[in-house]
Structures are given as C-alpha cells and as structure tokens.
Amino acid sequence: MRALWIVAVLLLGVEGSLLQFRKMIKKMTGKEPVVSYAFYGCYCGSGGRGKPKDATDRCCFVHDCCYEKLTGCDPKWDDYTYSWKNGTIVCGGDDPCKKEVCECDKAAAICFRDNLKTYKKRYMTYPNILCSSKSEKC
C-alpha cells in the first residue's frame, strides 16, 4: 500500500506540503528524499506500524504523530510558506493550520539531519511485512 501511494504521488506530480517537505529534507540532509526516505524502515513513507527500526525511522514516527495531532488540516496537500534564515527553517504565513504543518515538516527535516550518522542503507527499502503489527502510541 505504501509503495502504491508513493508511485501515485510520483506519477501525478507532488503538490502542496509534500513538495515543500521534500525540499526541506534535501536542503537539510543533502539526500534525495524519494530515494532515501520514501520506503525507509517501518514509518517513512505513507502509513506505518510496529516499532521504528532506528533513529531515522523514529523521525518518521514522530512526524506521523505530529500530523495526527493536527485537526482540520490536510498536511499532505496544504501548501505553506517558509524561508531559510541563517541555515534555519522559518515557518511563515497567517494560517495556523499551515504553519503547524510546516512546523511538523521542519522538525522531521531537522531530525533527519541530526541522525544522518545513524542512517542505515539496509532500511532504505525495508519491506512493510517485516514491521510488527502492533504500533507504538504517539
């Protein structure tokens, strides 16, 4: 299911905050997000279950939790405004929902950067079937 969602996004073109999130990750980590994070571990990409495999996968778990806490927002499609100031992401705009989505994406991009040294290639295309069915709580 996760793979189909990612392929659909790639075929249709990325819109809204997904494109902005991709740009944040690329700038913070130097990695191409679709290749490096779209299928990483048990939580990166669409959906997630089980225990995060490592610190990078935990970044995705926390990001999913952040999105879950947003009410009345469409975090994958609502575009937001942000800028870079002295190497830091600054979320802007007047819409509180869009600003919160930006803050979730910002936190994840920073988390990916901070955990680059623990990134494991073996989790890049980790099969969902190997993730346990019982998920951690946010």
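For all residues, glycine too, the Cβ spot is worked out from N, Cα and C.
It should be emphasised that the depicted structure is a prediction, and the values quoted were computed from it without experimental measurement.
Annotation source Swiss-Prot lists active site at HIS63, ASP105. The Ca(2+) binding site annotation in Swiss-Prot covers TYR43, GLY45, GLY47, ASP64, and the record cites experimental evidence as its basis. The disulfide bond annotation in Swiss-Prot covers CYS42-CYS131, CYS44-CYS60, CYS59-CYS111, CYS65-CYS138, CYS66-CYS104, CYS73-CYS97, CYS91-CYS102. Annotation comment: Swiss-Prot describes 1-16 as signal peptide.
If you take the CA of CYS60 (disulfide bond) and look 10 A around it, you hit none of the disulfide-bonded residues from CYS97, CYS102, CYS138. Fewest Cβ neighbours within 10 Å among the recorded positions ASP64, ASP105: this applies to ASP64. Cα separation, CYS102 (disulfide bond) to HIS63 (active site), rounded: 11 Å.
Put plainly, the disulfide-bonded residues CYS65, CYS97, CYS102, CYS111 were compared by Cβ crowding within 10 Å, and the winner is CYS102. When each of the disulfide-bonded residues CYS66, CYS91, CYS104, CYS138 is scored by how many other Cβ atoms sit within 10 Å of its Cβ, CYS138 comes out lowest. In this structure, the CA atom of CYS59 (disulfide bond) is 12 Å away from the CA atom of GLY45 (Ca(2+) binding site).
Per Cα geometry, HIS63 is the residue among the recorded positions CYS44, HIS63, ASP64, CYS91 nearest to CYS104 (disulfide bond). Counting in whole angstrom, GLY47 (Ca(2+) binding site) lies 11 from CYS65 (disulfide bond) by their C-alpha atoms. Close to HIS63 (active site), meaning Cα to Cα within 10 A, are the following recorded positions out of CYS42, TYR43, CYS44, CYS73, ASP105, CYS131: TYR43, CYS44, ASP105.
The recorded positions shown are TYR43, GLY45, CYS65, ASP105; of these, the one with its CA atom nearest the CA of CYS131 (disulfide bond) is TYR43. If you compare Cα positions, CYS138 (disulfide bond) sits closest to CYS66 out of the recorded positions GLY45, CYS66, CYS73, ASP105.
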